[in-house]
Amino acid sequence: MSTPKIHLYALTGACSVAPHILLHESGLDFTTTIYKKEELIKNGGYPDELKKLNPKAKVPVATFDNEVVTENPAIFTYISQLAPSKKFFGNTPLETVRVYEWLNYLSGTLHSAAYGMFYRPQRFVDVEDGSLDKHVLAKAKMTIQDIYKFIDQKLEGKEWAVGQNFTAVDAYLYVFYRWGAGPVQLDMEKEYPNYARIAKAVEERPSAQAVLKAEGLN
């Protein structure tokens with residue numbers, strides 16, 4: 001089977017950092033379109049090019065030849081299938097199950113629910129003047145902290161989230177670690193040392209360094 005032509009649409013510092021890392025890890029040839037937040041604000045959102053590919057108007061979006069794939073777990077899966085030797089979904093059937101267990105939790109509970117409240121509080125209240133936003137934000141931060149505490153406990157004594165090697169989970173965890181240390185303004189290293197250890201290990205990898213450079217992150 002020939003390897004498809006791969007293109008990733010990403011937003012600086014967004015959850016698309018994770019598949020960007022995996023693509024660098026994979027050794028596959030790929031190209032990127034990286035949007036900047038200030039450009040989206042100035043232009044009123046994503047360009048029509050992105051919206052045509054993904055009517056949800058969100059990143060990441062990955063194209064594999066003429067196939068369009070959205071949602072991180074799906075994109076991770078395809079990258080893993082194209083680079084099977086990298087074992088991005090673990091070394092055993094049970095490890096693969098654990099990877100999906102993590103990905104569902106991170107994409108649903110942490111990203112969609114908790115960070116949905118944090119980044120888009122207006123989605124959760126039917127009051128247009130923003131008077132309740134601060135209450136939603138306070139609840140969001142509490143929820144994020146509770147989830148990070150759970151994650152930290154799960155990572156105790158582990159070198160990586162699943163098994164003995166780097167997987168897609170570690171790349172995804174790294175995104176949320178950065179968000180916790182950045183926008184949420186948590187002392188991640190002090191409060192969640194196990195999580196911090198794994199995030200640091202991810203960040204030290206050449207793949208992560210390449211992504212940080214490409215996206216203008218530090």
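Glycine too: its Cβ is placed from the backbone N, Cα and C atoms.
Quick look at what TrEMBL annotates:
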{"type": "DOMAIN", "residues": "3-87", "note": "domain 'GST N-terminal'"}
{"type": "DOMAIN", "residues": "92-218", "note": "domain 'GST C-terminal'"}
Averaging the pLDDT values of the domain 'GST N-terminal' (3-87) gives 98
Helix, strand, coil residue numbers for the domain 'GST N-terminal' (3-87) per DSSP? 37 helix, 20 strand, 28 coil
Helix, strand and coil residue totals from DSSP for the domain 'GST C-terminal' (92-218) stand at 91 helix, 0 strand, 36 coil
